[in-house]
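Note sheet for the following structure.
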Amino acid sequence: IGVVFYLDDILIHSDTLENHVPLVRRVFTILRDNQLYVKLEKSVFHSDSVLFLGYIVSKDGVKIDPAKLSAVLNWPVPETVHAVQKFLGFANYYRRFIKNFSGVITPITKLLGKDVPFKWTPECDSAFAFLKHSFTSAPVLAYPDPSKPFILETDASDFALGAILSQLDDNGVAHPVAFHSRKFTGSELAWNIYDKELCPIVESFKVFRHYLLGAKVPVKVITDHKNIEFWSTARLLNPRQTRWAQVLADFFFLVYHRAGTLHTLPDALSRSSSTGVGDPKVKTPTTMFPEKLLIAVMSDDFLSRVRQALATDILALEIAEDPSRFPKFTTKDDLLYFKSALYIPDSADLRSLVLESRHDSYAAGHFGIRKTIELVQRDYYWPKMHDTIQHYVESCETCIRSKTSSHKPYGLLKPLPIAEHPWKSISMDFITQLPPSNSFDAICVVVDRLTKMAHFMPCTTRINALGTADLLIRRVFLYHGLPDDIVSDRGSVFVSHLWNHLFTSLNTKINLSTAYHPQSDGQTEAINRILEQYLRCFISAGQDNWSDLLHLAEFAYNSSVQSSTGVSPFHANFGFNPRFDFSPALTPSPDATSLLAHISDVQANVRDHLKSAVSAYTKHANKHRIPPPDFQVGDQVLLSTSNIRSLNKLHPKWIGPFPIASKVNDVAFTLSLPSDLKIHPTFHVSLLKQFRSSPGSSRPQPFPYSEIVDGEILYKVSDILDVERRGDDFFYLCRWEGFSPSDTTWEPLSQLSNLLVLVRDFHRKFPRKPKPAARLLYS
C-alpha cells in the first residue's frame, strides 16, 4: 500500500502528493491507535528523495549514501585481519552496486584463510584502490518494473560467477536493477565448464526470485556458452542438474546465446579484467521450463491449501481423534503424512494439481498409468489413488491425441463373399507413377475374384471415368461379359459421378474400400506386387519397355498356380493349362461335354479352396485384431492422422473429435468431417478411436488443428513477440493460438506470407526493431 518498514524505520511513498497526504495520515492514525510515536526531528516529509537504511532512494532509483562514500574514500589500509573483516563487512552491504565484486576482493579475502600469514600484497593494494573507486562510480540502480521484460546476463570463469539483472527503458536503453557475483568454493572449483556456466543462471533466479517469479513475459537469459541453449532437451541430467531443474521449474524464461567476444558485461563480473562493451547481438533463443515442474506443487500456497483442506477432511479428522488406529500416519508442520508421503485431502482441485505436475508437466512427460502411479506415490498418498490416476491418464486428451494405440487394431476381418461364377465379381486398381513407356505411365489391373485370372492393361494417369469404362469394355467385358459387382479402392476415377452413373445404368454394383484401408481390396493389391516384381526382373536398363512386357506378364501370371485355389487362373477358367512351347501334348484333347464337366468340377474345387483359404486367413488375421467398440451414430471419435499429410513427424497422432454420421457395416463408419478436410468421410474402424473427455476438469486441454488445407493440418499465429535478423533473413518469434507461452517458435518471414498484416502491426508497435524492406512487407 506504499509503506515499507524495517525495525524502527518507516518509508511512505506515493505517486502524487494528492495520494501521499491521506496515506501519511492513515499511517500516523494506526501508530497512534497502537500507542506508537515518531520523533519529529528525525522525520522528513514530502521529499523527492530520502535517506533510508544507508541508501538514497528517489524516483530515479537507489544509490549509495554520499556520506558513506566520503567514509570509504578515507578508509585506511587494513593492517590486521580484524580490520579486513570490518572493511569487507561495510563493502558487502553495498556489493549490489558493484560489478565483479567477488572477483575484485579475491586478493583481500585470501588474507582471511586459516593458517594464512597476514601480508598486504600489491595485489591487495590494487584491489583495495579499485574497490574504493568502484564505490564512487557506482550506478543508480533502477526500480524493477514487473510490466517490462527482465534481461539476465550471466557468465562464469574458473573461480567466480557473475550476473546482471536489467530492464530496458522507453528509449530501449538497458538500466541495471541489480548485480550479483561470488567466488566458487570447495568442490565447485572442480566442476566442468558446463555446470559452471549453468550455475549462475540457477543462482540468479534464486537471488532475484522476488523479481522474476511470476513474470508475464519470458525473462531473456543471455549466456556465452552455446551448449546451455540445449539444456531443456538434455536426455540425461546428473543429480546436481536435476536439483537445478527443480529450481528453474518456477520460472518462465528464454535462453539466448551471445558470442563470448560480445558478452563483456557479465564477463566482467566473473573475471578480474574487463573488456569493452560489444554489440549485444544474440542468437536463437531456447525456451526453458516455462511451466511449473515437479517441485511446483510443493509451493507454500499449495501446502497452505492442503492444511486448509485437512480441517474438513473426514480421514484427517478420524486420525486426529484417535491416532492409535492409524499407526502409519504422522503429523508434521500441520501436515499429514502416510509413511513418508504427503497425504492429499479429499479435494479434487488439490489432487488434480498433483496429477498435473506428475503427468502433464515437461518433467513428468505424459507417461502411462503405471509410470504415473509410481511418480505420484514417491511423494503423495490418498486412498484409492490408483483408480484416480488411471482415470486421469485415460482421459488425458494430450495423450489420446499424441500416442499410438497400444492395443491391437480394431475390426475383425470381414471377407467379401466368394463369387459363384467366373467374372461375376471383379476387383480393379491402378499402378501409377511408372516411368514413361510408349506414352503410357500407369497400368490398370482387373482380377476375377473367383478364378484369380487377371488382365494387365497399359494406360495413363490422366485417364478419367469414361476412358476407364472404354478400356474395360474393350479388354474385359468383350471376353467375359458384364460383372455383377466391382471392388475397387477410392481413387478419384472410381468415385466420379460419371463412373457411378455408367455402372448403375448397366445394373452393376460398385463396392468401394473404406478410406485409407486398402485391405478391403487386398486381392488386387497383392497381384499388383506380383506384377511389379515381374517387371523389375525383365525391364530394360532404360525402364521404358514395361508396356511391351504386360501381355507376357499376364500370361505368366495366369499360367501359375495360385495357393488360394490350388490351380492356375487359366485352368480355373478353361479347364486346362496352356502350352509353354511346341512340344507335343501327352494327352488327347477332351470332347466338349467332358471339358464342360471338368471345368465345372474345377471351379467347384476352386470355390472350396477359396473358402478354406479365406477361413484360414481370417482366423490368422483376427489373432492380431480385436472387436471394435460398439460405436453408434452420434458418438464422438478421433481420427488417425497416419494417412493425412502432416507438417512433421511430431504431429498429433489423432485429430477430432468428429461425430459418427452413419454406420456402413460393423467395421466401416461415415464421419461428419469439416468441409476443408477434403477426404472421403468413410473410414475403417481401425482408424478410429473412442473419444474420452474429463468433464469439469481444470487441466489444460490441447488445442485442435486450426485449419486443414489440401490435407495438411495447419495452426494459427495469435501474436508476434519479437524479431531478429540472421544474415539476410528476418525471423519472428510467434505465439500460436490456443497453445501455452512455452510453445513459441522462431519462423522466417518467408513462412509468414499470409500473416503480413500481423507482421506490419508488430513493426508499428516496435519501430526500433530490425525491419525488412517495405517491398517484403507489402508483397
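Sequential numbering from 1, following the chain as shown.
Cβ coordinates are placed from backbone N, Cα and C, and glycine is handled just like the others.
For reference, TrEMBL has these:
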DOMAIN    1-57  domain 'Reverse transcriptase'
DOMAIN    418-577  domain 'Integrase catalytic'
DOMAIN    715-774  domain 'Chromo'
Secondary structure content, the domain 'Chromo' (715-774) (per DSSP, counts of residues): 21 helix, 22 strand, 17 coil
Residues in the domain 'Reverse transcriptase' (1-57) grouped by DSSP into helix, strand and remaining coil: 20 helix, 15 strand, 22 coil
Reported mean pLDDT - the domain 'Integrase catalytic' (418-577): 78
